[in-house]
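A.B. asks: These came from TrEMBL, pasted as-is:
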- A:6-22: transmembrane segment (TRANSMEM)
- A:34-53: transmembrane segment (TRANSMEM)
- A:59-85: transmembrane segment (TRANSMEM)
Amino acid sequence: MTLELFLLSAAGLFAIGLYGALSQQSIVMLMMGLELMLNGVILAAAAFWYFLAPAGTEGQVLIVVVVTAMAIEMAAGFAVATAIYRARQVDMTDGAADLKG
Amino acid sequence: MVVVSWVLALAAVVSGFGVFRLNSMARVTFSLLVSFLAVAGLVLLLGLDYLSAVIVLMMVIEMVVMAVFMIMYMMNPAGLMPMAMYHNKAGAMTISVGTFVLLAAGILLVDWPERRGAPAPDPTFALGRSLMGEQMLTMMTLGITLFATIVATVVLSTGRGRYDRLGDDLDSATADDPLGGGVGR
């Protein structure tokens, strides 16, 4: 077990999630991409805690924050999806491009 | 340990990739769940058993909720009609591969510092102490944010609330409903 292995898998998860968040048209799939990016952040935080600073608890606290952020992202994302679907029957990101500048 | 960590890391990345490659929404959801479980396994390997259990419990429930919303909002939930649901695929691929190369270069080139100190005998106890001690501000911020999320999600997802039915001061004698109901409609 090395720090590099963990960080490389975390970077892989982050990049795949970024690809999904940028390329998916469906709002639900876009959120899956965001979740995958945060999944990578969890892995990186755990690896940094274990391999660099195991004496402190900051790495663990960061994981708690990220897990909470995932829950909030899901709840808020689905609430926004519900609101925009109710108002305009939009379920694709391309249907909600009003603010595109 | 080394073999297990390689297998889990590979499983996490491969099933994460499957999320955007598989056709059926059920398979996509479970692929994402496998990726989360593999990461939970890696976190467990690093000695954080409590946080690993939290990730497993949260993600199993979250993916089940996700599956319900998938069926509600996806145009093709069962994947019976293969269809492309992408936009700007080439640009997205370029950006994400570029991000990975940049991160990997950083990971491999940086001279990481030596490991300082040893984990506490009970990391969970140390986490609890720290959340109730010097990290109390973090904990309170999380609590307030979660509360704000509850309020915001209810407001956003309510179609017609009591203010729509009874007026801004809630003093209307009869509710303003599109269809009357009950006795004496």
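For all residues, glycine too, the Cβ spot is worked out from N, Cα and C.
Whatever TrEMBL says is automated annotation, not expert-curated.
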A.B. asks: If we skip the immediate neighbours and take only residues 6+ beyond the ends of the transmembrane segment (A:6-22), which ones have a Cβ under 8 Å from one of its Cβ atoms?
C.D. replies: 29-30, 32-41, 43-44, 46-47, 51
A.B. asks: So what's near the transmembrane segment (A:34-53) in sequence-distant terms, Cβ-Cβ under 8 Å and 6+ beyond its ends?
C.D. replies: 2-3, 6-7, 9-14, 16-18, 20-21, 59-60, 62-63, 66-67, 69-70, 73-74, 77
A.B. asks: Determine which residues of the chain contact the transmembrane segment (A:59-85) at the Cβ level, with the cut-off under 8 Å and only residues 6 or more beyond its ends counted.
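C.D. replies: For the transmembrane segment (A:59-85), the far contacts come to 27-28, 31, 34-35, 38, 41-42, 45-46, 48-50, 53, 91, 96.
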